[in-house]
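Asker: Pasting a structure below so you can have a look.
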Amino acid sequence: MPVMKGLLAPQNTFLDTIATRFDGTHSNFILANAQVAKGFPIVYCSDGFCELAGFARTEVMQKSCSCKFLFGVETNEQLMLQIEKSLEEKVEFKGEIMFYKKNGAPFWCLLDIVPIKNEKGDVVLFLASFKDITDTKVKITSEDKKEDRAKGRSRAGSHFDSARRRSRAVLYHISGHLQRREKNKLKINNNVFVDKPAFPEYKVSDAKKSKFILLHFSTFKAGWDWLILLATFYVAVTVPYNVCFIGNEDLSTTRSTTVSDIAVEILFIIDIILNFRTTYVSKSGQVIFEARSICIHYVTTWFIIDLIAALPFDLLYAFNVTVVSLVHLLKTVRLLRLLRLLQKLDRYSQHSTIVLTLLMSMFALLAHWMACIWYVIGKMEREDNSLLKWEVGWLHELGKRLESPYYGNNTLGGPSIRSAYIAALYFTLSSLTSVGFGNVSANTDAEKIFSICTMLIGALMHALVFGNVTAIIQRMYSRWSLYHTRTKDLKDFIRVHHLPQQLKQRMLEYFQTTWSVNNGIDSNELLKDFPDELRSDITMHLNKEILQLSLFECASRGCLRSLSLHIKTSFCAPGEYLLRQGDALQAIYFVCSGSMEVLKDSMVLAILGKGDLIGANLSIKDQVIKTNADVKALTYCDLQCIILKGLFEVLGLYPEYAHKFVEDIQHDLTYNLREGHESDVISRLSNKSTVPQAEPKGNGSIKKRLPSIVEDEEEEEVEEEETTSLSPIYTRGSSVSHSKKTGSSKSYLGLSLKQLTSGTVPFHSPIRVSSANSPKTKQEADPPNHGTRKEKNLKVQLCSLGTAGTPELSPRIVDGIEDGNSSEETQTFDFGSEQIRPEPRISPSLGESEIGAAFLFIKAEETKQQINKLNSEVTTLTQEVSQLGKDMRSIMQLLENILSPQQPSQFCSLHPTSICPSRESFQTRVSWSAHQPCLHLQANGAHLYHGNVTSDIWSVDPSLVGSNPQRTEAHEQSPVDSELHHSPNLAYSPSHCQVIQEGHLQFLRCISPHSDTTLTPLQSISATLSSSVCSSSETSLHLVLPSRSEEGSITHGPVSSFSLENLPGSWDREGMMSASTEPLENFPVEVVTSTADVKDSKAINV
């Protein structure tokens, strides 16, 4: 016997419970999220609070639970701090405080803040209740003022008045304590004698069923219902039979059925007891487990009928109590139990065989009842004519045919009760199914009238039941047939696809609930044939709740009618997610009943109840709106949703209302689900004024530009050292190089000075740039006068090159190794930093109707994160490569130390004595004191000095060029590139020098010449000298200095050989300094001090 189970999913009824409890006192309360430590935002506010404070619900949502928006000038600051402290410590607070309404009117409020815990004991919500006590406060204040006036009139009684006022204050205080004590006692009593806590927990509450509560859909209850059904049929058969055929004439015959009758009465009494403990399904479809509600429901429905039907009349026969025939008539009240059968008939109608069986049973039962009536009519006719010799009744005819006629004034004899009942049942059945055969016929007027009624009922029953049983089932139970058909299809689908039990339960509950709501009627299918005018009026009536919102007050009736056609009804079960974070929003939802919660990262952002609107602020041009949170049902929720696609169509037809709708929906939404809503606001504020992007420094004369990803508008200038560290090789065009060669030295040095003062120095060698790729070198390359720079979100800028023609790029630059015999002339290219100017980024302002503001902002943030990640990976890789190189050099030095003889460690220290910058002459002079013999390099020459070394240098900080070996502080400055100007052989020949500091130690970086027969070209050598560098006391150094002939061809200069036998056995790295010269043709020279400074032994001649 299938039974509608009802809605059994566990629900979170916290909001309903709180609202129900506050209806008895005051319904002014708010709920705040206790898991967000910053501000504790409000997630729900009652209608009473909105009326009390004068704020709309949308204005209160997401504000702080401390109610700072209600504070005013007379609000006690100490109470403010206590409220904040109680929220931080998550403890209860209660006090009287003055608040201010939205219109500025003050009112005294009794504020009570209580923390709400979940099933784990964690505080997840704050419940703040507000009670207006302004009248009480005003009354007390007016009494005090009256006393003050009386005090002013008679000072003699001032002492008495003050004492009285003081005593009244004490009594008031004591009465308050007594009230609190009484409340505490009530709380204690409630906690002791009541199962419910003082405040409900915010959790999904399972149905708490007592073990003495019987489920109405359980197997035992189904079997018991079948037993009661059989007992009901027994009563329907035996009661009319006993009343009509037996009466009180034959008690011995009556006693034979007394046992079964008593058993049936006992069953009915037990059924009454079980009904008081059996669950039932409410009108809303929920299963009721509460014993009190079950008792009330049963008493007000079927209890009276069941009680009368269960009266133990047959116990009177069991105790030999003489009864009159009226008692037998009272037993017919038990036939009211058949009404319970009609109530449950829909449960038995899922199978056609059961329906047919029930119909046949009802037909036979009707024939049985009519047979009893037919016998009573014949009996009464015989008794009324007992004094006459009248023998025309059907009982007389039956007695004659059976040879048992009546005699003794028709009081004795006659057919037996058994024969009479069979004959009566035969007559009624033949009359119901046909017109009869005449062997048992009606002779008297009463019998004929009854026969006529029987024939009419028979014709109706025959036409309804036997004529077309299938049509009867289809007409009467077509809806249920469809229900069971769909249920069977659903179960088959679940069985075929092996769906899990949880998903199966959800599908069945959703189907049953939606069916109970609309009874299987598809409103769209039903209304599609109606004209649009009538269909619009019908849908407006069906959706009148959502159309009565203030959002649609300005809409015309035509607009509302068009909009009502796009409103759908939806249903959500407890625990079901209406929307997931990141889903495309398809509709705007209005909560008709139930409660829901908005979740993000398992935190409650808002609680939605009846009358709340949830969706997103719209724009006419919106295509896709992504949700920023989850929406989950706490209870069974009925929703009405406006499909966005249809909404945009309607707004397109009514443009005069569209703008108003877009503005108003932002204020009417209880919670805005638009993804990036907060970011959209920030981006609009930041894009009101477009900040032009700073022009980063480049490294060459570039006409064309490559497309780029630039930094944000707020980024600062990018230094050239950072730019060049990201590029492996920098070149310059031949035309630009030629113009620089033919220019005057003053203009060239002026340009260089301008670049130095602006913080940029162009590199004249691609190898030097590649050597600065290490993180340490990059850090040291920053000039000290620029200080620290903020971290920037870099974006890759691709610029286009613009030259007179395609430059020849040497493919040998790829690996940095060149054949020593090659003397091929190649072009070099220089990119001037003053030529690079990225186009300023123009960020279009985002208007309020701009649809892509949030999307573009998020895309920009993602791009920044990706570029930052890529930059960090490149930096990490560079550091690893640099560390690997250092490790290799350390291993080489260790091997040399092991293989070479140990020598005492000494060093050649350099001390700067003076520096005299002069921008007019573009030259300064620096003198170095060498306590020990040192090697000094000048253009086209190198000399070994035992005393002072003097060279020309300009625009260089002396602390970056040399250092005292005795100083202990570490220098964190980056590598410094400077121009050395010498003129021993070539006029205005600029040299190139780089001094790199590592703490307070120094090491040199050398660059090999571009083309040479002995030194490896295009190779950067870091000559880091340590102990036992020189393997022998006699070492000769060969330098090959290229020079420029008059014809412009490149030739090799003189080879200078210097003996280093007077040098100490080893040079300490601290005192090592060197300079590499670069003639006008940009061919650097290199200083080599020992074989340990080069990786290729063929590079020098020892």
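Each residue, glycine too, has its Cβ placed from N, Cα and C.
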Asker: Among the residues ASN409, ASN687, ASN699, which does Swiss-Prot list with the feature N-linked glycosylation site?
Answerer: ASN409
Asker: Going by Swiss-Prot alone, which of ASN320, ASN468 is annotated as N-linked glycosylation site?
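Answerer: Record says ASN320.
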Asker: Can GLU290 and ARG418 be said to be on one side of the membrane, going by the domain names in Swiss-Prot?
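Answerer: In Swiss-Prot, GLU290 is across the membrane from ARG418.
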Asker: Swiss-Prot tags one of 42-62, 420-440, 630-650 as intramembrane segment - which one?
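Answerer: The listed stretch tagged intramembrane segment in Swiss-Prot is 420-440.
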Asker: Under 8 Å between C-beta atoms and at least six residues away from its ends: which parts of the chain pack against the transmembrane segment (449-469)?
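Answerer: Beyond its ends, the transmembrane segment (449-469) has Cβ neighbours at 356, 359-360, 363, 366, 370, 373-374, 377, 428, 431-436, 441-442.
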Asker: Run through the region 'cNMP-binding domain' (551-668) and tell me, per DSSP, how many residues are helix, strand and coil.
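Answerer: Grouping H, G, I as helix and E, B as strand yields 34 helix, 44 strand, 40 coil.
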Asker: Limited to the domain 'PAS' (18-90), I'd like the whole-number average of pLDDT.
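Answerer: On average, pLDDT over the domain 'PAS' (18-90) sits at 83.
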Asker: How does the domain 'PAS' (18-90) divide up by DSSP, counting helix, then strand, then coil residues?
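Answerer: Tallying H, G and I as helix, E and B as strand, the rest coil: 33 helix, 11 strand, 29 coil.
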